[in-house]
Amino acid sequence: MDTIAKKPPAASRWFNPQLLHLKVTLFLVFGATSALTPYLTIHMQSIGLTVEEVASVYLTLLFTSCLSPPLTGFLIDRFGRYKPVLLSSIVLNAIAHHSIHFIPARVMTSQLEVRASLAADGSSVLMQATFCPSDKYLHTICHSTRNLSLPTYANNQSCGNLTFPECALTELSPEKTIVVDRSETPPTEYDKTFWTYLAIRFVAASMLASTLTITDPIALDMVEQHGGDFGREKLFSSVGMAIFTPLTGLMIDACSSGSGPQETVYTPAFYTYDLLLLGSLVSVSLMPIGRKVPSESVMKDTGRILRLPPVLAFLAFLFLLGNFWGFIESYLFVIMKAMGSPNYLLGLTYTVGTVASIPMMYLLERITKRVGHVNLLVIAFFAHALRILGYSWITNPFWCFPIELNEAISCYFMWVVASTYCAVLAPSSLVATLIGIAGMVHFCIGKGVGSFAGGFLIARVGLELAFRYVGYVAVVCGVLYKLVHLVWLHKYDGQTQCVLQPGSAINELVKRKASIVPKVDQFGSIASLGGFPRKKLDSASGTVEEQAPLEKG
């Protein structure tokens, strides 16, 4: 009996049931990430860490969590198993991040003298202060066996009823002062609170990087196996981020008693993170992830790929993009808080960028074909520059909306372009490894350097000037990448070269067009990835090639 080639699974044009759990997983994982990680910098400040300590945390994470993405990609390419690695990463990710919530804030009190007097009718106390002390922090110059509770006002702001010793009330006048204690961050740095936070954050950042790194090769493999479009699948990660960042901000505002760092409650962010990751565990368990063909010589073949000039340049400028992304990711909320921004507005900054990225995800293939990977990465530099410089120019936080439109290009669309570029530069047996290395360079090393350098720059020149200087550097880097491509790298487009041993697993690397995205029809296959073994089948019409399906497991 004649054997015919298998066709892609039949499905409606707009819905592919084989990719349903992939969509849900991307939505939940990236939704969880955006529900918590944007608030971690200001959460660090709320437990008493200084700006320089925050910068030190990001510097340390640079060296400790950068090995997670390439190690994850190596394990996948070496053994061909996705699901166990992803499930383990999600569980450890949730445990480590929730542990951050239990780190106690370090506080101390400092004594301040403020002027206070009785109202004309003696029914209230008027204080010349910019804050309201509580009974816990209220002390006076005398002690009495009898205490009185009176309404208290600080600069016409009601502080409620505070308890004063009777002797103090009889002596209050505009010429006299009382002593109050106000909770403040201690001047000592790098204490037990800092080291505890750093240790837990190290594990959390490593597991988060591992979780996010795995999603891209999984999406690429499932799109090839079951049909679909990579950009449209990644669209659901943007939708998750657009929804949960502002939602978390609203919940934080609703649970907080004030706008100051000590009065802000971040509990909703941590529990939202937990619930979304729990849902992703269920989704991943049901996801039809296949077993990819393992590579027998991952390290040797990876070393050869990394010597290619286009790959080296790609990773170097991806590192620089990570610097700018890390800077604004870490200090965007800080500068907006300095402008007096409410928490819900902080979350809406993510919504603007992710919503703006939705049409780009649908047009990913057309845009990349017309513009090319390198040019899109150059544009990402300029988008970063406009975004960073914009915050150095505005004084009203509500002007963030037009500025955040640049995030669609500089962050979301940029990483999808970078991921598909990895699929062009590397064979299918090493795509996960190269994406892992790219993730390490961008999200770990690049982000860590940008966060660390940005923190120390802010500490020395201030928020506004730091944003302005970093924005100008982003413009210079974008121009430099374009010049390097025009002068040198353009000759490698379409003929990526590599010196390979005969019979090497990555002979297929050469002669790939480096300026186009992998071709994906709605329910076909990624023709330009082509890394899965193909076998010839006899049919009535002759010999045809069939792509061997992924082994389910």
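Quick reminder: no glycine exception, Cβ is built from N, Cα and C everywhere.
According to TrEMBL, the features are:
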{"type": "DOMAIN", "residues": "20-468", "note": "domain 'Major facilitator superfamily associated'"}
{"type": "TRANSMEM", "residues": "20-42", "note": "transmembrane segment"}
{"type": "TRANSMEM", "residues": "54-76", "note": "transmembrane segment"}
{"type": "TRANSMEM", "residues": "194-214", "note": "transmembrane segment"}
{"type": "TRANSMEM", "residues": "272-290", "note": "transmembrane segment"}
{"type": "TRANSMEM", "residues": "311-332", "note": "transmembrane segment"}
{"type": "TRANSMEM", "residues": "344-364", "note": "transmembrane segment"}
{"type": "TRANSMEM", "residues": "376-394", "note": "transmembrane segment"}
{"type": "TRANSMEM", "residues": "414-437", "note": "transmembrane segment"}
{"type": "TRANSMEM", "residues": "444-463", "note": "transmembrane segment"}
{"type": "TRANSMEM", "residues": "469-489", "note": "transmembrane segment"}
{"type": "REGION", "residues": "533-553", "note": "region 'Disordered'"}
The transmembrane segment (414-437) in contact with the transmembrane segment (376-394), cutoff 8 A, at least 3 CB pairs, sep 6+: yes
Residues of the parent chain within Cβ reach of the transmembrane segment (376-394), under 8 Å, 6 or more residues beyond its termini: 314, 317-318, 320-321, 324-325, 327-328, 332, 335-336, 339, 367-368, 400, 402-404, 406-407, 409-410, 413-414, 417-418, 421, 464-465, 467-468, 470-472, 474-475, 477-478, 481-482, 485
Cβ-Cβ under 8 Å with the transmembrane segment (469-489): same-chain residues at least 6 beyond its ends: 309-310, 313, 317, 320, 324, 327, 374-375, 377-382, 384-386, 388-389, 392, 454, 457, 461
Local confidence of the domain 'Major facilitator superfamily associated' (20-468) - pLDDT mean: 81
